[in-house]
């Protein structure tokens, strides 16, 4: 069973609200880098970059981060995984990095992303943007900017859909009858 919990219009309003919050929090945007966790976090980062550019007339640097090599909760098929890293590596030394992902659940994806970012240098500060926080944390991770808090049961799944990958921007709550 599926329920749309954020429709396309709400999705765009959420991107706009988070963009406004980032601008309001940072008087100067010059030292900010947006880092989106592949796949949907990177697309959300692109949406934020575009909206911030429209609002503040500044194009923030953007980096897409692949954290597969850093994860501790996936079974890898090879003992020597291929690390693809980032599409465009930026110098994060002394910068404020705004890390962006679609769903915050256990916190393990964010922990892996933090490990990956540390390999690029020492950021002055790292802030976290999450489109949907569904609870059930296993690690002490908290987002600085949250699109929507949606408490879920463990047998539910939050599915963020984006234009690039799914042809529509929305969030669905999927209830599994198996568990």
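The backbone N, Cα and C atoms fix where each Cβ goes, and this holds for glycine too.
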Swiss-Prot substrate site partner of 39, 40, 101, 102, 103, 104, 105, 106, 107, 108, 109, 134, selected from 158, 168: 158
Of the residue ranges 84-96, 97-109, 110-122, the one that Swiss-Prot records as motif 'PRPP-binding': 97-109
Same chain, 6+ residues apart, C-beta under 8 Å of the C-beta of residue 107 (substrate binding site), given in sequence order: 137, 138, 139, 140, 141
Nonlocal residues around residue 105 (substrate binding site), in sequence order (Cβ under 8 Å, 6 or more apart): 134, 135, 136, 137, 158
Counts by DSSP class (helix H/G/I, strand E/B, coil) across the motif 'PRPP-binding' (97-109): 2 helix, 8 strand, 3 coil
